[in-house]
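The block underneath contains the structure these notes are about, expressed in structure tokens.
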Amino acid sequence: MGNCCVSRPSGADKRRRCGSSTAPHTRGGRRVIGAANMRCLSTVSSVSDAARAVMSNEPATVLGNSGSSGNGGVMAAEEMLRRYEIGEELGRGEFGVTRRCRDAVTGERLACKSISKRKLRSSVDVEDVRREVAIMRSLPAHANVVRLREAFEDADAVHLVMEVCEGGELFDRIVARGHYTERAAAAVMRTIMDVVQHCHKNGVMHRDLKPENFLYANASENSPLKVIDFGLSVCFKPGARFNEIVGSPYYMAPEVLKRNYGQEIDIWSAGVILYILLCGVPPFWAETDEGIAQAIIRSHIDFQREPWPKVSDNAKDLVRRMLDPNPYTRLTAQQVLEHPWIQNASAAPNIPLGEAVRSRLKQFTVMNKFKKKALLVVAEYLPTEELDAIRELFNMLDTKKKGHLTLEELRKGLQVIGHNIHDTDVDMLMEAADIDGNGILDCKEFVTVSIHLKKIRSDEHLPKVFSFFDKNGSGYIEIEELKEALSPRGDQKSIDDIFLDVDIDKDGKISYEEFELMMSAGMDWRNASRQYSRAVYNTLSRKIFKEVSLKLDHSGPLVAAGK
């Protein structure tokens, strides 16, 4: 098995001290990238000047001298503007924005994903970007993997020029088709597993397989489906085990929560996608994050609800074997592809799975977009506050002036100065900012991560998020306002289904109370933040397993061993 890159060494010392601000790179009195006259390549963040000051002590570069021009950051960005014309925005995420892009010479249509450096709040975030670029550059070409053309960097962002996918998300396409069958699900799963096998053969573990990370290249009926995001991927060697909790909650394998896993987690995540493809809802669902984690650990699969009684035995057998809680008896990617249901996909039942499945898929997809948009409103548009107070708090707690705090020093210090912060919140802060897992927080990470978690975690922001959607200030979110916010260019018809569920009193509009209920149901909306999700599920993992280190017994299921 070939390894396409080198994975992060565990236990490396990555601590950095708070330092002075670093001025952005300029040339001829202007920003090289970021000004409006530079073809709209401004950074997407509207975080306040205070947050900018905090983040300005990041390393000057993310990719180092790996920019396509060979001369490093700023020169690479100038080269990008010579080679490519940047167009309209295609979408936004937690770390940046994606825009249309065109090769200035050939006219080829591409996409430019710009990752804002101000959004890279810790060295883990920086390493995620470095790894993503390294993996996309080194992974051999595959028809169902989006191709990275070039990577550039400037003072504000990392820019990835890649294939453009304009055919929409996987679930959106399924919902739009209307007629949806088991045979169609089998064809989709074959494609997904081809990608997983390709990654595993080349020593790459994806670690974040979910429907949102699969897009169609174009709107044609026979368009290829492509995986687009390698932001959490890692390279591995046979037999290597990992303990970093990553991924999206619904798709997380039990051994991830147990902090001892290998490439088998990608099979589990694909199995969750398959379950959703066949019935429209996730297999492991609860009203709280802890409930979701517990459901994943229990791994009970419900085959009683519709349409499971009419789903073929072959399909159910494959779901069971992909969602086997024991990673050592779970199917490999090759075994999934050899399973009769996949091998004979054209023989799978071509009977519609029913309108209920299609409706559930639509609701699941649109609701996720609603919650992600709410997260972006908080992360992007609400001002950062209390920066100086947080830095002063760190200095107060750091009585020995070492530039870092242990978890116990943090706990005791907060008690001494009268801050009544719940243990869970203290644990979350440590989990989010303790980069190398050695129980130590440095100043910069304490400040930046506590700001981020405070903003994301506080329910006081929900009224402001509600106001963002309520454009006309009527006190209600009306359907046209929701369409404008969630689907300005896409198929707006799918937004209508939100009202069937969220609009409890059926008055054709969403009140604040209805909005609040929707935001608190199922997976916490704040888990759309990769950093928040990591912190929450790290804390839950320690709580569920009482800080017991778990080992994998090759002859049987997961067993626990004391530290």
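Each residue, glycine too, has its Cβ placed from N, Cα and C.
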Range annotated as region 'Autoinhibitory domain' in Swiss-Prot, from 38-68, 348-378, 410-440: 348-378
Task: Report the residues of the chain - excluding Asp470, Asn472, Ser474, Tyr476, Glu481 - with C-beta within 8 Å of the mean position of the site's C-beta atoms, for the recorded Ca(2+) 2 site, in sequence order.
output: Phe469, Lys471, Gly473, Gly475, Ile477, Glu478, Lys509
- prompt: What Cα-Cα separation, expressed in whole Å, is found between Tyr476 (Ca(2+) 2 binding site) and Asp505 (Ca(2+) 3 binding site)?
  reply: 13
Query: If H, G and I count as helix, E and B as strand, and all else as coil, what does DSSP give for Lys509 (Ca(2+) 3 binding site)?
result: strand
Query: Out of these recorded positions, Asp208, Asp503, Asp505, which one has the fewest other C-beta atoms within 10 Å of its own C-beta?
result: Asp505
Task: Give me the Cα-Cα distance between Asp470 (Ca(2+) 2 binding site) and Asp208 (active site, proton acceptor), rounded to a whole Å.
output: 33
Query: Which of the recorded positions Asp208, Asp503, Asp507, Lys509 has its Cα closest in space to the Cα of Asn472 (Ca(2+) 2 binding site)?
result: Lys509
Query: When you measure from the Cβ of Glu514 (Ca(2+) 3 binding site), which residues in the chain that are at least 6 apart have a Cβ under 8 Å away?
result: Val502, Asp503, Ile504, Asp505
